[in-house]
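A.B. asks: Copied straight from TrEMBL:
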- A:17-56: DNA-binding region (DNA_BIND)
- A:Gly91, A:Ala92, A:Gly93, A:Asn94, A:Leu95, A:Gly96: NAD(+) binding site (BINDING)
- A:80-181: domain 'CoA-binding' (DOMAIN)
Number of protein chains: 2
Amino acid sequence: MKKDAKISNAVIKRLPRYRRYLKELQKKGVDKISSNEFSSLIGYTASQIRQDLNNFGGFGQQGYGYNVEGLYNEISAILGLDKEYKMVIVGAGNLGQAIANHTYYYKAGFVVCGIFDINPRLIGLKINDIEVMDYETIVDYVEQNQIDIGIICTTKDSAQEVADKLCFAGVRGLWNFAPIDLEVPEYVAVENVHLSDSLHSLAYHMNRNYEEKEKAAEK
Amino acid sequence: MKKDAKISNAVIKRLPRYRRYLKELQKKGVDKISSNEFSSLIGYTASQIRQDLNNFGGFGQQGYGYNVEGLYNEISAILGLDKEYKMVIVGAGNLGQAIANHTYYYKAGFVVCGIFDINPRLIGLKINDIEVMDYETIVDYVEQNQIDIGIICTTKDSAQEVADKLCFAGVRGLWNFAPIDLEVPEYVAVENVHLSDSLHSLAYHMNRNYEEKEKAAEK
DNA sequence: TAGATTGTTAATCGATTAACAATC
DNA sequence: TAGATTGTTAATCGATTAACAATC
């Protein structure tokens, strides 16, 4: 890492995308790529690509470009994907179950260790080999198993209470699927997946596209 | 609507959030709110709130503030939430099923009409009263039922092919859960939910927070 | 009318793009 | 060495914040 200045979130949000494209290139057996070639592939300007990467260090080589495998590994390390994360899911409803079943996360170093719910009918159930446990026991479990991430798949009404408990028990990050903005201690990272917000902005863009089409048709 | 200039996506992304907070205020029986009060609640500056809202028209009143219910309705209309949208889900795996079961969307005017899959073992199944149909028949279905939105819950390898078919059949928007960037005609809106990207940026922030904590401890 | 608060213009800040010297 | 392409500084663009006149 090169500079110590805070890196903007806009840059961070682009890193997983860089990484995805680099993975594809690797699969295709591509060894090296210039910022220009990468630009026409990924759709960011070459300038932005170089600027982004230089926030973390000089990964390229003048006159050559970037080594695909090397850059992939660097970005993985920057994101912290060379580590393993232990996670618990709170809420064994549809979404919680879907995430528990999504074995991708396991492969990628994100291990779902347990699922918690208050519903007695769900407690004891096994989802993808992971037991649904009683929410009452979550603090002990998180402490004893050194859980890193809590995944909140509850309703919005219980989400803050769950977040408080998880933070108290020692998680370092929350992946929040409840449609609410959580308050957490500053050392806990929160990443929101607000599905309804996402759907609403889709609706907006659909209607704008429609309006434009209408307007174009008038001419 | 006041101006005709293109409104930046940053503004649009904030609208669903304004709307959520306004809904809560309404529930609490709050009639009016000033940009300053709203600011301390939602965390945007009062200036930004006024600036954002004025992209669409003057919804406030000098010396008074904004009418909560009125503003809620205005934002709903801007987003297009006064309309109904017919949707199909492609991919009846965990995620597809979770979304189909999430009746929230139905209540909010987003109606899941059908689910499609290529797996013969899933075809015929009923999920939340919605039948899983053969993917082969999707183009006819979308055309005949005038489906507005396609929800892509397939693997990344089939996602583009599915997108092509849905666009050809006439959807106006795609809600894409596959970890890939889709190419679509310009009049089709795409909203991505890249869950793994989201998890990766969570990992980044967790590690940065940890580093800062370490650094603080050194002092 | 006086006070409050918006709507809107101007100033600032930050992020993106362009340019080019450094260097492989 | 000559050509290519990065790393980095400077210029531009856009988004956020501040200020204040308009007005309820």
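Each Cβ is built from the backbone N, Cα and C atoms, and glycine gets one as well.
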A.B. asks: With every protein chain in view, how many other Cβ atoms are within 10 Å of the Cβ of A:Asn94 (NAD(+) binding site)?
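C.D. replies: Around A:Asn94 (NAD(+) binding site), other Cβ atoms within 10 Å: 20.
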A.B. asks: Could you tell me what the rest of the chain brings near the DNA-binding region (A:17-56), counting residues at least six beyond its ends with Cβ under 8 Å?
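C.D. replies: Distant contacts of the DNA-binding region (A:17-56): 1-3, 7, 11, 64-69, 71-72, 74-76, 78-79.
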A.B. asks: Among the binding-site residues A:Gly91, A:Gly93, A:Gly96, whose Cβ has the fewest other Cβ atoms within 10 Å?
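C.D. replies: Minimum Cβ neighbour count within 10 Å, taken over the binding-site residues A:Gly91, A:Gly93, A:Gly96, occurs at A:Gly93.
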A.B. asks: Determine how many residues of the domain 'CoA-binding' (A:80-181) DSSP places in helix, in strand and in coil.
C.D. replies: 36 helix, 29 strand, 37 coil
A.B. asks: I'd like to know which binding-site residues lie near chain B: of A:Gly91, A:Ala92, A:Asn94, which have a CB under 8 A from one of its CB atoms?
C.D. replies: A:Asn94
A.B. asks: Inside 10 Å of the Cβ of A:Leu95 (NAD(+) binding site), count up the other Cβ atoms and send me the figure.
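C.D. replies: A:Leu95 (NAD(+) binding site): 24 neighbouring Cβ atoms within 10 Å.
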A.B. asks: Test of understanding: give the count of other CB atoms lying within 10 angstroms of the CB of A:Ala92 (NAD(+) binding site).
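C.D. replies: Within a 10 Å radius of the Cβ of A:Ala92 (NAD(+) binding site) lie 25 other Cβ atoms.
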A.B. asks: Along the domain 'CoA-binding' (A:80-181), what average pLDDT does this model show?
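C.D. replies: Value for the domain 'CoA-binding' (A:80-181), mean pLDDT as a whole number: 95.
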